[in-house]
Amino acid sequence: MSPNDAFISAPAKIETPVGPRNEGQPAWNKQRGSSMPVNRYMPFEVEVEDISLPDRTWPDKKITVAPQWCAVDLRDGNQALIDPMSPERKRRMFELLVQMGFKEIEVGFPSASQTDFDFVREIIEKDMIPDDVTIQVLVQAREHLIRRTFEACEGAKNVIVHFYNSTSILQRNVVFRMDKDQVKKLATDAAELIKTIAQDYPDTNWRWQYSPESFTGTEVEYAKEVVDAVVEVMDPTPENPMIINLPSTVEMITPNVYADSIEWMHRNVNRRDSIILSLHPHNDRGTGVGAAELGYMAGADRIEGCLFGNGERTGNVCLVTLALNMLTQGVDPQLDFTDIRQIRSTVEYCNQLRVPERHPYAGDLVFTAFSGSHQDAVNKGLDAMAAKVKPGANSTDVSWEELRDTEWEVPYLPIDPKDVGRDYEAVIRVNSQSGKGGVAYIMKTDHGLQIPRSMQVEFSAVVQNVTDAEGGEVNSKAMWDIFATEYLERTAPVEQIALRVENAQTENEDASITAELIHNGKDVTVDGHGNGPLAAYANALEKLGIDVEIQEYNQHARTSGDDAEAAAYVLAEVNGRKVWGVGIAGSITYASLKAVTSAVNRALDVNHEAVLAGGV
């Protein structure tokens, strides 16, 4: 057995299918029977039931309004993390969800975790919950857990108590070893207890949610029986409805069958006018979004999920994808995604999981065209939109503000990237390292540096080199130390001693510079001229045999006040090597000149090899 095989249950071997073809398989279909153990698995109609709904109506429905959203990142998402969120990360996530516009947020499982209990108490006691936001807490149908849950929520204005028990055939038989009546009694006993305990907390606006967990593995007739019994106990009204959540706890079948089961419940459950029908799709088969959309068309009112699809196993349904799918159809999602990079960075920081490059709407590559024909079509599409605003114009002649009210019609781009805070990216060379968003977020929020997008790839590779060599995680301080060492503190082969710039802002007259430097250990003074300070400095460095070509330049204020600092970023090709340089100084001019020196030293310092921009 090879070393690689030691980590799997059998030797790694792919067997090319050579078995018989299916009966009636067309001659043009050359697929052959495989050795996969298909006999071990049952179709859904055998394992659970065959749901028959020949008069289904959902295929003719359209999504025209957004559902009631409920974000479960802080509970379902958090419990699935290798490293569950710290209190600080939970606060960041909660604040993000509120800022985006979520009005129902599941904040934890306070009876199961002291950390969750403490977080619920914190956001209540610190008055962090807006009046129009309802927190949701999960609890199993057990008395001591229910009482603990109410203790956690004391003092909150609006709370949904979400109680559940599993009703599926498999869990009834294997996990609980209970019959149908016993499982139903678990649910109704919990409902009665919750209703009784709530009377001890009259200052809170209590709402109720019940989930027959593993609904997709439950016979719909029995699911209705349990739901009806719980609803009868809770006695909701049209003015004060309760939530019945029908989770695809494990996605077991195609989205159309899930939609049939939702429409069946929508039609048949008792007291439908007093029920908010909710969906909670998972993504085990990779069709969570489709299941949610079809289930919503089938009669649901509400959808639970996580940002970017975090959650157990393959995750919960992605609320970002769902909401922005609606936006592409002209439906207001009633959530804000105008800065999806910030949303992504915050979620990556909180979850310590990166959002994949191909994730809809938010991945690094989703608005990128690598194919030449795709690039051409995108460019022509943008030009055509510009011509609608100004006949004869192309995309470079019209600002985004002028295009913003124009209907979006660009090939290969289902949404205007700028509507979610992205750019019109033609080709981006993306480093394979993960964590660009997280690195950029920490550098921005903790250190005031808005690293240019293309530089983020380079710096994330620098950070990864350190973690590969030293192991462990890189915290905020360590990240700053890495950044300073890589970009700010190099003094070889060029160290700036003094710079004098003249005519930096004068029109029609070249800028000039006198630079006192230490070059390869020797004091030197060089002069230069150019159409700006950077060009003048490049001209001066040329006299030392250093060829500098500035290819990209970015700058911003890092701090404000009397001791304000500016940060500048320069992408330069230095003696044929393309690198980024960074400068921080009290003025933007001197920060920019420092950035050039930084790039020079990163390109030429033989003792400290730099990561090259673009990996070249």
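Just so you know, glycine gets a Cβ as well, placed from its N, Cα and C.
Just one of Asn256, Asn268, Asn270, Asn316 is listed by Swiss-Prot for the same Mg(2+) site as Asp76, His280, His282, and that one is Asn316. Between the binding-site residues His280, His282, the minimum number of other C-beta atoms within 10 Å of a residue's C-beta occurs at His282.
Residues Asp76, His280, His282, Asn316 make up the record's Mg(2+) site, and a Cβ search at 8 Å around their centroid adds Val72, Pro247, Ser248, Thr249, Pro281, Glu304, Gly305, Cys306, Gly311, Glu312, Gly315, Val317 from the same chain. Here Asp76 (Mg(2+) binding site) comes close to Glu106, Glu304, Cys306, Gly311, Glu312, Asn316: these same-chain residues lie at least six apart in sequence, with C-beta atoms under 8 angstroms from its C-beta.
For the region 'Regulatory domain' (490-616), the model's pLDDT averages out at 88. DSSP states for the region 'Regulatory domain' (490-616), grouped as helix (H, G, I), strand (E, B) and coil, give 30 helix, 55 strand, 42 coil. Asn316 (Mg(2+) binding site): 29 other CB atoms within 10 A of its CB, across all protein chains.
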